[in-house]
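Asker: My questions all concern the structure below.
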C-alpha cells in the first residue's frame, strides 16, 4: 500500500495552506471546503478518515505487506493515524495484530502463560510422527513375529500411517475454525492414544496396521493447529522464532522413535515400544487438560460473549460445549470446509507447496528406508545391529537442533535486513533468501548419501550426508512456513494443513520405490535423481516468488479477508 492508495479515501474535508500539509510529524490542520467547520464536524470527519486509513492498513497486513516501524507509519500515513497504534515496549515497532483492552485477549496473556502453551503445543506436535516412527524401530521384530518380509511390514504400516497424517490435518483445521482450537487439540490426542493402545495389544499384523493408521489420522491435529495458536498468542515480531520452536517438534519427532526404541526392541518385545508411546501421549493429554486454554478470540466482533470462568466452564471449553455454543461467532462449517481448497489453488501456494513437498519427501523416504539399508546384508546394506542403527539416528536429531538454532538467527538476519533496506516495511518474500542455503545443503546431503551407500564407503559419509540434509531441511521448513503464513495471514490453519498434506503425500510415495530402485540401479542413481529434483524445484520456484511474489499476492488479494 502506498500514499496513492490513501489518496483514494473519500474526504469530506481537505487540508489547505502550509499548516495543513502533513509531514508525518504533526497532525494536519483541516477545515471544510469553502467554510470553517465546527469542532464536531472536524472530529467526525477525522474519525471517518482514521477509520478508512486503518482499514487500508489492515488490508495491507492481510495481503502480506506490513509497516513495522512506527517512524515509517508516521511518514506513510500521518501522525494522526500512527498515534493510534499500540507499540512494543521500546516504542520502535508496531504490534501486529493490534491487541484489545480485554485482559482475556490471548495477545495480552503473560509471557509465562504463552510459553507454557507453546511448550505443551510443541510436545503435542511431536506425537503424530513420533508414533509413526515407533514402527521403524519395530520393522524387523514385527516381520519376524508375523512371518513376513520387512518391506511388507514397512509398506503396510509405516507408509500408510504417514499418508493419513495429511487428510487428518485437513479435517482438524475444518473443525478448528468452527468450534475452536482447544477441543480439537484435546479430542485428537484422546483418540490418538486410544488407537495407539489398540496397536500395542493388537493380535495380528493387520490390526497393528489399522490401529497405527487410525492413531495417525486423529493425532495429527497439533501439527496443523499449531500455526493457529502461535499466531493467536504472539505478535508478528515474535512469530518467526516461536514457529521455529513449534516446527522443531514435528521435524525432530520422526527420528526419536528409532533412536529411543532401537535399543529396546533388541531386548524386549515390540509392544513395549508402543506402550511407552502411549505413556508419552497420555502425559500430553494431561498437560492439555491442566494448562492449555482456548486461544480463538473473536477479535473482530464487538458483541462477543463474556468468557466464563470456573471448573464447569473449563470442562465445557475442553470438550467443545463452549465452542459449539459460540459457533455463531465463528466461521460457518461450509465456509471452513472450502477454505483449504481455495488456498490450495492460489499460484503462490501451489509453488510453495511443490517446493516443500519435493524437499520433504526425501526426508520421509530416508527416515523410513535407511534402517533397511543399514540392517540389510551386503550388497544392499551394512548388516548393522539394532543398537548400531539406534545410535545412528542421533545424526538427524543433532542436525535438527542445529537447524533450529541456525534458522533462528537466519530469520532475524534476513528479516531485519529487509526492513532496514525498505524503510521499515516488511514483505513476505524476505523469508525466501534462507532457501538458497537450505537447498544447497539438501543437494550436498543427498549426493553424499547416495555416493556412500553406492560404494559402501565409511559410515562417516552417511552421518555427514544425513546431517547436511536434515540441517538444510530445517532451514527450508522455517523459511517456507513463515513465508506462507505471512502471505496468507488470515489462513494460517489452511496453510498449515496443506503443508502437512503435501509433505506426507510426497513422502508416502518415496518409501515404495527407494529400496527396490536402489537394488536395481544403485543408490547413487536414486539419490542423485532426488538431488537433481531438489535443484530443479528450487530454480523453478524460489526466484519466481522473489521476483513476482508481491504481484501475485496483489493479483489474488481476494484471499486477504477472513
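Just so you know, glycine gets a Cβ as well, placed from its N, Cα and C.
Keep in mind it's a predicted model, so treat the numbers as computed, not measured.
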Asker: Looking at the ranges 242-266, 317-341, which is given as transmembrane segment in TrEMBL?
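Answerer: Checked against TrEMBL: transmembrane segment maps to 242-266.
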Asker: Looking at 89-115, 116-142, which one is transmembrane segment according to TrEMBL?
Answerer: 116-142
Asker: Are the transmembrane segment (353-376) and the transmembrane segment (521-545) near each other by the rule of at least 3 C-beta pairs under 8 angstroms (pairs 6 or more apart)?
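Answerer: Result for the transmembrane segment (521-545) with the transmembrane segment (353-376) is yes.
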Asker: Please determine whether the transmembrane segment (431-453) and the transmembrane segment (162-179) are in contact (criterion: at least three Cβ-Cβ distances under 8 Å, sequence separation 6 or more).
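Answerer: Between the transmembrane segment (162-179) and the transmembrane segment (431-453), which are separate recorded stretches, there is no contact, as judged by 3 or more close Cβ pairs.
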Asker: Answer with yes or no whether the transmembrane segment (162-179) touches the transmembrane segment (388-410) by the criterion of at least three Cβ pairs under 8 A, sequence separation 6 or more.
Answerer: no
Asker: Test of understanding: applying the rule of at least three C-beta pairs under 8 Å (pairs 6 or more apart in sequence), is the transmembrane segment (184-203) touching the transmembrane segment (495-515)?
Answerer: no
Asker: Are the transmembrane segment (353-376) and the transmembrane segment (209-230) close enough that 3 or more Cβ pairs fall under 8 Å, when only pairs 6 or more apart in sequence count?
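Answerer: Since fewer than 3 Cβ pairs under 8 Å link them, the transmembrane segment (209-230) and the transmembrane segment (353-376) do not come into contact.
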Asker: Any contact between the transmembrane segment (116-142) and the transmembrane segment (272-292)? By contact I mean 3+ C-beta pairs closer than 8 Å, pairs at least 6 apart along the chain.
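Answerer: Per Cβ check, the transmembrane segment (116-142) touches the transmembrane segment (272-292).
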Asker: When you look at the transmembrane segment (184-203) alongside the transmembrane segment (353-376), do they share 3+ Cβ pairs under 8 Å, ignoring any pair fewer than 6 residues apart in sequence?
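Answerer: The transmembrane segment (184-203) and the transmembrane segment (353-376): touching, no.
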